[in-house]
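K.L.:
Pulled from TrEMBL, these are the listed features:
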| type | residues | note |
| --- | --- | --- |
| DOMAIN | 2-120 | domain 'Response regulatory' |
| DOMAIN | 143-239 | domain 'HPt' |
| MOD_RES | ASP51 | 4-aspartylphosphate |
| MOD_RES | HIS182 | phosphohistidine |
Amino acid sequence: MRVLLVEDNDVNRQVAQLILANYGVTVDAAPNGATALRLFGEQRYDLILMDIQMPGMSGLEVTAQIRRHPDAVRARTPIIALTANAFHEANEKYLAVGIDDCLTKPFEEAELLEKMSVLRQASQQATRPLFDLSELYQMAHGQTNFVRSILDSFLENTPEVVTQLTAASEASDWAQVGALVHKIKPSLKVLHAHDLLTPIRTLEAPDSLPEESAKATKQLIQLLPQLLRALEQRRQKLS
């Protein structure tokens, strides 16, 4: 596994490198945003750890540029924000920009490894197409305006669902998670977003254990922003 670590603090950077090296992870370290973008242009990474508060180019600016990469697969490289801001509202802002998950500094080694594992698994699944619009086009009888309208609705409403899912998961409110899943499942079926339907099946299983529900919800929260970015790219081509 190869990770790009973007961190301007020398001590924090060395600590993170040591933790990752102990688990056999290859780490390329960047002390600033410009170096991070240069390394990203030269090398493919499985995951990026991104400090948010950096002088010059912020982590959010670097993330925005990565998400605009012409290679759609590389543009979806999982990114974990490293931030001193523990407020939920800030995390929502990071997710809206394209960050996949957030880790508050100072972080626990186990928490870092768990988030990396979840994102890595989601990323491997996402190398396949995240959606298929063929059924939607059949329903629309080839009318592009109808397809565009459906995508616009999904792109407008789903970010709020991601926010609500995150809050419900953190509160272990599985009834609310179930209600939200029930809300978005029909759209995901129309979009043939099969990788997202897999964790939904786990959540809908009557014998699903709390730890299984938590893992499935995390996977769904990771994949939904990736689906939104991919659909936004397709939507722009329909303009």
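Cβ atoms are placed via backbone N, Cα and C, with glycine included.
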K.L.:
Which site among ASP51, HIS182 has the most other CB atoms no more than 10 Å from its CB, taking these as modified residues?
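P.N.:
Sorting the candidates by Cβ neighbours within 10 Å, the top entry is ASP51.
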K.L.:
How do the residues of the domain 'Response regulatory' (2-120) split into helix, strand and coil according to DSSP?
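P.N.:
Across the domain 'Response regulatory' (2-120), the residues distribute as 57 helix, 24 strand, 38 coil.
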K.L.:
Between the residue listed as 'phosphohistidine' and the residue listed as '4-aspartylphosphate', find the distance joining the two CA atoms and give it rounded to the nearest Å.
P.N.:
35
K.L.:
What is the three-state DSSP composition of the domain 'HPt' (143-239), stated as helix, strand and coil residue counts?
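P.N.:
Its residues divide into 83 helix, 0 strand, 14 coil.
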K.L.:
Summarise the model confidence on the domain 'HPt' (143-239) as a single mean pLDDT, whole number.
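P.N.:
Within the domain 'HPt' (143-239), the model's average pLDDT equals 90.
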